[in-house]
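One structure is given below, encoded as structure tokens.
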Amino acid sequence: MSKMHELSLKRNAKTESDFGFRLMEWFNPAIVSTFVYDVTVDSPADRSGMTTGDRIVSVDGMLVRCADEVRALLDGKSEIRIVIERTQTGDSSQPQMFRRSRSEEQEASRNYGGLPVRSQRHCFGSISRKPLVAQNARQSFLPRPNWSTIATASTRQLFATRLISHIKVIDSSTFAKHSRMVIMALCPLFSRRILQNSKNVASVISSSLPFSVSTESTDLKEVMASKIVEHSKKVASFRKEHSKSVIGEITIDMVYGGMRSMKALLWETSLLDPELGIKFRGRSIPEVLKQLPTLGSNEPLPEGIFWLLCTGDVPTAKQVQALRTQFNQRAVLPEHVVQMVLSFPKQLHPMAQFISAIAALSSESKFSAAYTGGIPKSTFWEYIYEDALNLIAKLTPLAAMIYRSCFKSSSTVCPIDPEKDWAANFAAMLGYEDKMFVELLRLYLIIHCDHEGGNVSAHTCHLVGSALSDPYLAFSASMAGLAGPLHGLANQEVLLFLHRIMEEIGKNYTKEALKQWVNKRLDSGLVIPGYGHAVLRKTDPRFLCQKQFAERFIKNDALIQLVWDLYEIVPGILEALGKVKNPYPNVDAHSGVLLQHYGMKEMNFYTVLFGVSRALGVMAQLIWSRALGLPLERPKSMTTDNLMSLVGK
């Protein structure tokens, strides 16, 4: 929950020449400064001044969106009114600051060698009989240094270590970068005079503070915050050095050919290798299936792939469990969306229902509400993150409700079981109790989650999101693209193709008869559904892992055997034609028959399953797009006449 508070600030002394600079530090989401000047809080809800974690929204009625705007509005002023947004108070992770009385200031001055201590200031430290401390901090652990002892680095380090032990620092890079500000903010112990006389103070404090988030942290948002700082620096440095570097050329065929192979889109979460297939954060499908935690199941949990996509790290079992809990807690549909789904006509395609209901979930957007109220651009990703997790969590009960409403006698779905993972709860809500169907669903959700950014659904989400539409609207648009027959309906076409073969040559076919049937189809100008790929030049690893799943757990299924026989026959026939760049099967050649084997025969629902899975990838990237501050996408379009003039015709 966040609240807005209005505060009036005054500069009390002529020595406060850094008034604007100090206050500007509050605009940065990092915990950098705790100085506040003579604060009067107008809001009756909280009269304790500013707290760690507060962010400035406006200065003297002017909305601010960057630190430069804060600086400009503060320039030359001795008194201002600001509006702050307070997101957390009253716990040890966001300590509450308390104000000291004038007598306490005098006591503090005596404790620190008689040096002047600025009056009416909020800061950390246990420095008087009624000390100013962060709420819940262990003040008994804090030393009481004086000017005779602070010259020793060991005392400074001890003071900083103990002081910071109960304060969460999420922006390590910014914190380290502004170490001088940190020192002055900790308490009058580190005065300007000491800073001038000791060049090593910053390094001493830097070495004693917990600047990086533990790799064992189960808070995905916290881990992402650390990763974002690191990667943003990497991107900034790379762009500065290579901003004018050429990475390719655009041909006329690319423009008319759907921009195929044009290197023009940033997508951090996955990359499609022509030989190895899709790689999630640099890891191939076999590596992912081997490395991600299973928590006792045969297949890894989809929560693990989302963590990997968001952070680049393989999660621990505890991290996967924590994310499982997050999804389960957020999986509540608002009543208006439930009523909306119940009102849909039964004949309306499940994807049309899915797209409409997702758009209706926009009413729940944290990002839209925050953006309307005014938030810094640097915090966009935090609200997108909340929306992304809420969306992913809500998709499974929504999809299950649509499935049961369209194909079953009741639209009621069972409640979320907090002990089950995302896929297991999804299977239960769909009405499937077979443990092997749950295993298949886990595998399905992982291998379909992301396929770099150029495909229609991924690119659509990126494009719409770049306009700062909330994640629900961006994903709804993404699903409208997925619903197209050239994108998300491929596995249905494969199933229809397989059933037609069975009808025409029978279940007891020979491989020679199958080969003749395939040749006849190709001679008539038709294609073989499920074969070929725009980028891949080898068998799709997603096909192979499904084949391995079936070999392990499924026996005597005629359709599955037909898929395997086609895999043995078709590539050789297509290679002999000499016109096909990739004669091998893709993921769609196998997925439909597995779903049918376990009883899900409603082919119109398959694209909804695909969409639920794809949310993991596009939402992870959407968070990163806002974290990196990627701008509105706006390529240049051309007419045919313009293109002709460019090439001299």
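Placed from the backbone N, Cα and C atoms, the Cβ positions cover glycine too.
Here the structure is a predicted model, which means the values were calculated and not measured.
Annotation comment: TrEMBL describes 6-88 as domain 'PDZ'.
Summarising the annotation, TrEMBL assigns region 'Disordered' to 89-111.
DSSP assigns His487 (active site) to coil, not to a helix or a strand. Summarising the annotation, TrEMBL assigns active site to His487 (among others).
For His533 (among others), the entry in TrEMBL reads active site. Over all protein chains present, the Cβ of His533 (active site) has 19 other Cβ atoms lying within 10 Å.
Over all protein chains present, the Cβ of Asp588 (active site) has 25 other Cβ atoms lying within 10 Å. Asp588 (active site) falls within a helical segment according to DSSP. Annotation comment: TrEMBL describes Asp588 (among others) as active site.
The Cβ of His487 (active site) has Asn455, Val456, Ser457, Gly481 as same-chain neighbours under 8 Å, each 6 or more residues away in sequence.
In this structure, the C-alpha atom of His533 (active site) lies 11 angstrom from that of Asp588 (active site).
Across the residues of the domain 'PDZ' (6-88), the predicted structure has a mean pLDDT of 55.
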